[in-house]
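Listed in TrEMBL for this protein:
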- 147, 210, 211, 235, 236, 237, 238: ATP binding site (BINDING)
- 34-46: compositional bias 'Low complexity' (COMPBIAS)
- 140-446: domain 'Phosphofructokinase' (DOMAIN)
- 28-56: region 'Disordered' (REGION)
């Protein structure tokens, strides 16, 4: 491939600081102040590196906002570029306009109004005409962190094969054992042959762990090993760690692309349409729900309770319930519920048993923790990732249901409790997730080779995009119980909304007041609600 010293046509020209030059040393590009005595590369890089870490935002007409991701040329203006080898790849010879245009972006929201602003966009993923790494120069590293999830091995496989088959990269290392593996364990050499069949089994061939994030040691390892592309697969906590690694890499002035691939079986990463492994989890959850349904309908007053994953977000429980159609009640962390009294869970169970003779309850692991934590002293205990250790709410609620009906002596019940949690997350990914993992991995590779860094590869409105780390780590994604999807679930199960007693009385009182007030007051309330909604929307943007 021919080197081209001109600026890449895909990127605007950057003005170089007249006193700063960029020198290549041990595979890295280090800023060096030519007007001062020579320093160690790290110290010179620290002085020359920009201290500003503000988001990279581009604005356009009609309210267009592009939340862009960092690029190596932001810090090293005169990096050489190379012709993308894909243009000579016979596999892509039939593709028209295969290379993504610089101005291509994807809107965060596709529902717009005629006179509304165009809104927030993200840079579209895909190959560029010019790349910033030669194949022989690349030393890539892949690491998996956090809990298991279907599709991890598929992502690893496609990263290795994508780097090799599309760009000719031969040197790919697997970091064994999560973040601490950078400095505490051996690496694994990954080749297309060694990863050929790993997508057929669950888990991760690289091993994983929680915690162990020592930024200095990790970046020291990256620098010492000559790694210049780092692919980090993990959930929101892992992506926060990736963001910190990116900032330290940039501070040291290293030509290293740091790329995140979002992984969480709970689907609680914001912005993206969904995380990989989620479809497989919902599909596998059907097996447990079906078993609970069979057990429940086979006996008189049978109750099947299924606990599914969902520490803070109830997406698996919600989608599995909608897909199953055998569930009578779905309990998630976002929608509080109570047990006793009018409108409570016990009353609803009795009602459903009298109507149908059996029922199935699905509960997310993070739901109803306040109902079981009163007598438990370990609720403040955290795991290595800083997550609060949860009690087995499914087991606790099951026992409370048994105790209630034993005391009432109104209905003799038979209850079966099923917890398929670790069975679900340990299976290989299904066809849908395998395709999605391939797209995520290839998009991540295209971005790193094109010089982008400090981003997460993700699907937004059906398009692959590059999302800055700060958008991925700013919050968690939750089920919105005032949204249509939750309303669809309530309509499907016919369960109550489980407002607490006080809330139910206040809701009734407000409704009665609204029926008695004049129409102009209702108009004022509507106007106020619109104002609140607009402020929430503005804050979200």
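Placed from the backbone N, Cα and C atoms, the Cβ positions cover glycine too.
Automatic, uncurated: that is what TrEMBL annotation is.
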Within 10 Å of its Cβ, which one of these binding-site residues (147, 211, 235) has the largest number of other Cβ atoms?
235
With ATP as the bound species and 147, 210, 211, 235, 236, 237, 238 as its recorded binding residues, calculate the greatest Cα-Cα distance and give it in Å as a whole number.
13
Limited to the domain 'Phosphofructokinase' (140-446), I'd like the whole-number average of pLDDT.
92
Using a 10 Å radius around each Cβ and all protein chains in view, which of these binding-site residues has the most neighbours: 210, 236, 237, 238?
238
